[in-house]
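The structure is given below, and queries will be raised subsequently.
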Amino acid sequence: MLQLNQIYKVFNQGTPDEKLALKSLELTLEKGEFVTVIGSNGAGKSTLMNMISGKLIPDAGSVIIDGKDVSSVDEYVRSKMIGRVFQDPMAGTAPHMTIEENLAIAYGRTNKRGLRLGVTKSRRSFYKEKLETLHLGLENRMNAKVGMLSGGERQALSLLMATFTNPKILLLDEHTAALDPSRADLITKLTKEIVSQNNLTTLMVTHNMQQALDLGTSLIMMDKGQIIFEARGEEKQKLTVEKLLHEFQRIKGEKMLNDRAVLI
Amino acid sequence: MPTAIFSSFESGLIYAIMALGVYLTFRILDFPDLTVDGSFVTGAAVTAIMLVNGYSPIISTGAALLAGFAAGSITGLLHTKGKINPLLSGILMMIALYSINLRIMGKSNIPLFSESTIITSVKEIWSKTGLDSFLNKGMELLGLGNSVPSTWAIIFIMLVISLVIKFALSLFLKTEIGLAIRATGDNQSMVKSFSTNTDNMKVLGLSISNALVAFSGSLIAQYNGFSDIGMGIGMIVIGLASVIIGEAIFGAKTIARATLAVIGGAIVYRIVVALALQVQFLQTGDVKLITAAIVIGALIIPQIKDKQKEKSMKRKRLKELQMQQTLVKGAKEVATAKSNL
């Protein structure tokens with residue numbers, strides 16, 4: 001479903017701040033696969049997400065979604081196939097528009113926009129039905145401005161908006177990081193439900209190792225623009241936080257040794 | 001004096017169409033578009049030159065609308081494709097339009113007193129209906145017999161036109177494309193992630209806005225009986241004044257409410273200016289200064305009001321706290337007094 005081939009990305013090329021953000025990155029996601037991504041700050045996780053969504057264009061390499069090479073396709077065209085939830089609860093919704101208007105915009109992701117009304121009677125009941133699946137009572141506040149909702153409610157709405165039109169790929173960019181623990185749990189639970197119900201191909205970045213282990217079918221660890229560890233299927237299910245930390249140190253240690261060898 | 005109020009109503013309703021255009025860019029798209037100063041004149045210029053050359057008033061007015069649409073789309077392309085800052089792309093277009101408008105008109109002023117315009121045609125049709133005498137009688141019954149206008153035609157037709165535009169605009173902003181335009185002004189990265197070409201939305205919004213502005217300019221030229229190269233100076237500020245005053249007085253909770261408020265704001269603005277000019281000290285040339293003062297006032301007064309409200313709330317709360325403390329103290333004293341007994 002998603003294939004990244006030999007992706008390179010350099011920021012600030014030719015300046016003292018030059019940074020190799022992604023280095024010959026290879027990643028393949030099968031249909032229905034749910035991959036969690038962990039790694040320290042600056043490892044290239046966000047760059048990876050932006051590369052898939054089309055916010056950034058790779059310097060070299062190709063991005064293939066559902067068999068189509070979309071490496072140089074504009075973000076707004078690509079987003080027909082991609083649902084995305086951001087870290088900031090403010091980022092995924094339009095605050096001065098109502099809940100139903102926001103859903104109407106999300107509905108337009110796969111359906112060509114025209115001069116039809118965005119919210120009609122039949123659409124409203126469809127939106128309402130979808131909102132009910134969140135169990136937050138938002139279905140009774142459809143005319144409320146989204147700016148009035150709490151962070152958790154907004155993030156739940158963002159998640160619904162990103163998924164209810166069945167995107168080919170769902171990108172979750174630390175989407176529970178800005179929430180308090182109980183709200184984060186709620187969003188995690190909703191994510192689990194929605195992804196499994198719709199069999200969505202999902203890539204989720206998180207800083208929470210436990211969450212990375214609880215969710216998803218596969219796990220990848222990134223460091224310095226590369227994938228340094230990958231666990232799929234059964235191997236992933238057996239992982240624990242300790243094992244993961246151990247693995248991280250082992251790989252980093254080896255690398256350090258190598259670096260030292262080069263220096264000597 | 002009452003006739004001054006009446007003509008403020010008439011011109012206010014025409015300028016309201018321009019203000020609706022400004023509302024669309026300034027509030028909905030969050031794009032301070034200065035093209036308005038130029039495109040207003042473009043509308044007037046196109047209509048004037050076509051009327052002088054014998055085209056029908058309706059076609060001449062329609063052409064003004066299209067010219068404004070084109071001007072707005074160029075501003076939009078400068079900003080989206082040329083990546084020029086919004087303010088600067090508007091200013092550039094405004095300056096460019098000054099020369100273009102001179103070219104269209106061929107000279108700096110075209111009088112239209114002898115042409116048949118939309119305004120004269122409406123007046124003609126209206127006079128056949130005999131509604132004026134009917135309405136004037138009504139005014140006499142209300143004891144306002146000496147403040148009747150020469151004709152009710154303009155107020156009536158302009159009220160209809162501006163309301164039709166208001167309803168069309170608020171309906172358009174509820175369509176799928178309209179929602180995408182609103183979201184572009186509200187949260188651009190979000191609407192991009194829902195597969196909207198935000199560049200196109202901005203260009204479309206700016207085009208519609210300037211089409212309305214040029215339409216308003218065309219009607220003003222026909223209403224005043226001339227088109228002049230300088231008639232657009234400060235138009236953006238008048239538009240902003242109408243939007244801000246309207247929202248402050250009539251509220252802006254929903255789109256339907258806000259668009260109605262903008263029309264109200266445009267009329268109130270005209271009345272305020274007319275009243276200000278009644279003051280002996282002020283001259284016609286001071287209109288722009290008065291406008292600037294009105295806008296500055298409308299922007300600053302709400303802030304001062306909010307601050308005062310906050311202060312008085314604080315004082316109130318402090319007083320309440322003190323009251324409570326003295327009450328508690330008092331209660332304690334009573335208690336000790338009782339225990340002393």
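Quick reminder: no glycine exception, Cβ is built from N, Cα and C everywhere.
Sharing the record's features from TrEMBL:
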- B:12-29: transmembrane segment (TRANSMEM)
- B:58-78: transmembrane segment (TRANSMEM)
- B:87-106: transmembrane segment (TRANSMEM)
- B:152-173: transmembrane segment (TRANSMEM)
- B:203-223: transmembrane segment (TRANSMEM)
- B:229-251: transmembrane segment (TRANSMEM)
- B:258-281: transmembrane segment (TRANSMEM)
- B:287-304: transmembrane segment (TRANSMEM)
When you look at the transmembrane segment (B:12-29) alongside the transmembrane segment (B:203-223), do they share 3+ Cβ pairs under 8 Å, ignoring any pair fewer than 6 residues apart in sequence?
yes
Which stretch, B:12-29, B:58-78, B:287-304, tops the Cβ pairs under 8 Å count with the transmembrane segment (B:152-173)?
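Looking only at B:12-29, B:58-78, B:287-304, the most contacts with the transmembrane segment (B:152-173) come from B:12-29.
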When only pairs 6 or more apart in sequence are counted, do the transmembrane segment (B:258-281) and the transmembrane segment (B:58-78) reach 3 or more Cβ pairs under 8 Å?
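The transmembrane segment (B:58-78) and the transmembrane segment (B:258-281): touching, no.
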